[in-house]
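Trainee: What TrEMBL records for this protein is below:
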DOMAIN    3-346  domain 'Aminotransferase class V'
BINDING   Arg41  L-glutamate binding site
BINDING   Ala75, Ser76, Trp100, Thr151, Asp171, Gln194, Asn235, Thr236  pyridoxal 5'-phosphate binding site
MOD_RES   Lys195  N6-(pyridoxal phosphate)lysine
Amino acid sequence: MTIYNFSAGPAVLPKAVLEKAQSELLDYKGSGMSVMELSHRSSWFEDIIKDAENLLRELMAIPDNYKVLFLQGGASLQFTMVPLNLAQGKKALYVSTGSWAKKAISAAKALDNVEVEVIAACENDNFNYIPELPKEVDPSAAYVHITTNNTIEGTAFQTIPDYGDVPIVADMSSNILANDYKVEDFGVIYAGAQKNIGPAGLTVVIIREDLIGDAKIAAPMLDYKIQADNNSLYNTPPTFAIYMAKLVFEWVKEQGGVAGITKKDQEKAGRLYDAIDNSDMFQSPVAKDARSITNIPFVTGDADLDKKFNAEALAAGFENLKGHRSVGGMRASLYNAFPAEGVEALVDFMAKFEQENGGK
Ligand SMILES: Cc1ncc(COP(=O)(O)O)c(C=O)c1O
């Protein structure tokens, strides 16, 4: 049976990447060692991390005045590192568009000398749309934090706000490399790797150099300046995850870069949204103008029927389709590596299920 993995993360990886890793697993480039066994100070690993950075720079057209950091601690640690480094003694502005945004807000609020203000929110409507943002914000604020794609709720920012000198900080965990964003529109971009970049354990941070600053940070590991000055090698980085990210970046390049991938992602998502919109049984709980192309929740409106669908889908090889526990229903995460055939198979399965369960 073919298994299609709709997980929101850790998520499906390109098969070609897994095969390449397998072929190099025991002997990396004649070294007689696995990448997992290489010193992070070896020239082999130095090449891997440099290649990974250069590929990401090329894919995202990252300008020279931005640093690329390969860190650990997940996107969740960035919820703390961002305000700790950028907003001490200042005001930090947040847009609350989902569960992860709320966690980012709580982490910033936990810091003593950061003043947190939520400038727009949509929790009253279960976060099912992207709220309108104020035209202007306090020019003395350290940043405006947004979550470009809300993994759990299935919404995404379609345009990136511009507040002049107040930089936009983005949690891009679930749509990095899936949208043709311009890095210049952001001061900081961060993402946990385990959706569109590689295995869990790696966090990518792209930060404009002038924002690195020299705030006094008691914990060196949490200090962007120390991490940047040491080219992400202040301590032992997640070497194997960085190697896998490099292979994924090579794969993205082969797919026509971010533009090529985005087109395919849009087609995959469009196919599923069409099936949902044309069905009498399934609905999308998300406002049409806020739909994510990477995380697509859908429901029948009947919790028992959702449960039945999930059980039958799982038995048919559709893994991890069950919606997040806070939303219920179903959620298809269609990241870059998710194959178009998997979407076709799901759409066929949905039509069959609808027919068999009293639908059209
Ligand atoms: C948008 C978003 N932010 C943050 C996180 C948390 O990431 P991590 O588990 O890497 O800390 C996730 C994880 O799914 C996410 O989807």
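Each Cβ is built from the backbone N, Cα and C atoms, and glycine gets one as well.
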Trainee: May I ask for the distance between Asp171 (pyridoxal 5'-phosphate binding site) and the residue listed as 'N6-(pyridoxal phosphate)lysine', taken between their Cα atoms and rounded to an integer number of Å?
Mentor: 13
Trainee: Can you go through the binding-site residues Arg41, Ala75, Trp100, Asp171, Thr236 and pick out those with a C-beta less than 6 angstroms from ligand 1?
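Mentor: Result: Ala75, Trp100, Asp171.
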Trainee: Provide the number of Cβ atoms within 10 Å of the Cβ of Lys195 (N6-(pyridoxal phosphate)lysine), excluding the reference atom itself.
Mentor: 30
Trainee: Provide, as an integer number of angstrom, the distance between the C-alpha atoms of Thr236 (pyridoxal 5'-phosphate binding site) and the residue listed as 'L-glutamate binding site'.
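Mentor: Computed Cα spacing between Thr236 (pyridoxal 5'-phosphate binding site) and the residue listed as 'L-glutamate binding site' is 9 Å.
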Trainee: Among all protein chains shown, how many Cβ atoms are found within 10 Å of the Cβ of Asn235 (pyridoxal 5'-phosphate binding site), not counting that one?
Mentor: 12
Trainee: Whole number in angstrom, please: the longest C-alpha to C-alpha distance across Ala75, Ser76, Trp100, Thr151, Asp171, Gln194, Asn235, Thr236 for pyridoxal 5'-phosphate.
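Mentor: For the residues that bind pyridoxal 5'-phosphate, the greatest Cα distance is 30 Å.
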Trainee: If you draw a 10 Å sphere on the Cβ of Arg41 (L-glutamate binding site), how many other Cβ atoms land inside?
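Mentor: 9, counting other Cβ atoms within 10 Å of Arg41 (L-glutamate binding site).
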Trainee: Work out how many Å separate Gln194 (pyridoxal 5'-phosphate binding site) and the residue listed as 'L-glutamate binding site' at their Cα atoms, rounded off.
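Mentor: Spelling it out, the Cα of Gln194 (pyridoxal 5'-phosphate binding site) and the Cα of the residue listed as 'L-glutamate binding site' are 25 Å apart.
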Trainee: Please report the number of other Cβ atoms within 10 Å of the Cβ of Asp171 (pyridoxal 5'-phosphate binding site).
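Mentor: Cβ-Cβ neighbours of Asp171 (pyridoxal 5'-phosphate binding site) within 10 Å number 30.
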Trainee: Going by C-alpha distance, which of the binding-site residues Ala75, Ser76, Trp100, Thr151, Asn235 is nearest to Arg41 (L-glutamate binding site)?
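Mentor: Going through Ala75, Ser76, Trp100, Thr151, Asn235 one by one, the closest to Arg41 (L-glutamate binding site) is Asn235.
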Trainee: Find the one among the binding-site residues Ala75, Ser76, Trp100 whose C-alpha lies closest to that of Lys195 (N6-(pyridoxal phosphate)lysine).
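Mentor: That would be Ala75, the closest of Ala75, Ser76, Trp100 to Lys195 (N6-(pyridoxal phosphate)lysine).
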Trainee: Counting every protein chain present, what is the number of Cβ atoms, excluding its own, within 10 Å of the Cβ of Gln194 (pyridoxal 5'-phosphate binding site)?
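Mentor: The Cβ of Gln194 (pyridoxal 5'-phosphate binding site) has 24 Cβ neighbours within 10 Å.
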Trainee: Within 10 angstroms of the C-beta of Thr236 (pyridoxal 5'-phosphate binding site), what count of other C-beta atoms is obtained when all protein chains are considered?
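Mentor: Other Cβ atoms found within 10 Å: 10.
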